[in-house]
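Reviewing the structure listed below.
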């Protein structure tokens, strides 16, 4: 451990090693977060308006803003749909690419590809599919639900965003599950087989309990990403049709930068932060308790 | 038993090939349609192009000012990733080797900050550095890099922290006895040993910063500063539904990272899986 003889030298090293990080972290995260808390207590409408203290009025407005709660509820539905499907699909894919078939690495590499590309670009790519390709298949084969433009339909547009998000993230979670699966000890698996456990029992009683640490990570990541979804939402539907797919992140952006109601937008962003913090905190706490040792 | 094994393996292959098709199909559509004109794209989106017409690519490179946004993205990503790596390694190292109350508290604060959604800091961020201090007008790209270092440090420090702990201290003692200063010891002895972790951290940060949209869209306002995602958004707005230009533009935008993946896929996959374990 470091024990410097002179205090000056000790201070010098402290500044040298941690100084840059502290400065950048403060500029990007600490100061804006603290200042953001203060902004929620002001009646700020635009950057040039003088700020006046207004107590908890913005939070009151936020709690009665039905558009905000609609977008929050839609986001919760989005979170539930994507977190469940991505984790199940990612796990199945991981199982398939570690099952011992040929070209496993090729499949891993290919299934990961969507993660290389940002959500905005992926949204545009899928826009082509939803606007042009699917309707043209539907036309030729006479399938009615493909002929409808999904992005123009208030309910299907939501599922379009879900599909693109799943397509984007399943490969990433697969890679995390693969790391967990190859760490399941071979001898434990063999012992279970010798004891007469069939494939389902091995999955249920050996593999899944040992995979809990992987699930802690993947559920945390998918939860957090889904609550913060913006890029795919923006490029695929931009919140439409008729505001039917405006998720909470887009609502906050619009509130602040389009409608110029900074204070309320910031108060809603803080409410979002509290909800995400509580949910991810509970998730990590409870799933950590499910972890077992091999 | 043999027959069941065979059936299982056939099922596995079928599922893998179906998933492969689903995952790769959108990219396939981009490639085949990038050579067609609007009429052909609408008529037969799945057919192979009748001729290899690179004309639309040339048009897109020109209209998008592609190389400028490409250069911006490279500069911003490389500088941010490099600086995050160095500063995070230094900080994590010092936090492990000198666990004072201050350093432990700083570490806890940074780890806790990882659950802050970007949405709850973006409004004050733009307010402070745009309206109040005018950094956004004065130096958008340096500001963006500074912000990336700030946002990226927490996760990177967290990962380095775990790794530094596993390095024995004896090597450093030897170098200190030989008269090296603390910083010299870090750069000559410790940093090289952190190389595998550095690769993992760099990959995760590149994937994030290269593709990021929301933050640069708030900070970058002038065309000559745009990164590729921002440029693509503007291009999409200008050529709405003009697929013969949009598709080559999308393909060009994703090409650099796909080429990088082709060469570094082993490291990228390993980096992602290690990033999740630590």
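All positions are counted from 1 along the displayed chain.
Backbone N, Cα and C define each Cβ position, glycine as well.
In TrEMBL, the annotation transmembrane segment applies to B:245-264, one of the ranges B:225-244, B:245-264. Counting only same-chain residues 6+ beyond the ends of the transmembrane segment (B:12-32), those with a CB under 8 A from a CB of the stretch are 45-49, 247, 250-251, 254. Panel annotation: around the transmembrane segment (B:74-94), residues 103, 141, 144-145, 148-149, 152-153, 156-161, 163-164, 186, 190-191, 194, 198, 201-202, 205-206, 209-210, 216, 227 of the same chain, lying at least six beyond its termini, place a Cβ under 8 Å from a Cβ of the stretch.
For the transmembrane segment (B:106-129), the list of distant contacts is 95, 135-136, 143, 147, 151, 153-155, 157-158, 161, 214-215, 218-219: same-chain residues at least six beyond its ends, Cβ to Cβ under 8 Å. Only residues 6 or more beyond the boundaries of the transmembrane segment (B:245-264), in the same chain, are considered here, and those with a CB under 8 A from a CB of the stretch are 27, 30-31, 33-34, 41, 56-57, 59-61, 63-64, 66, 70, 203, 210-211, 228-229, 231-232, 235-236, 239.
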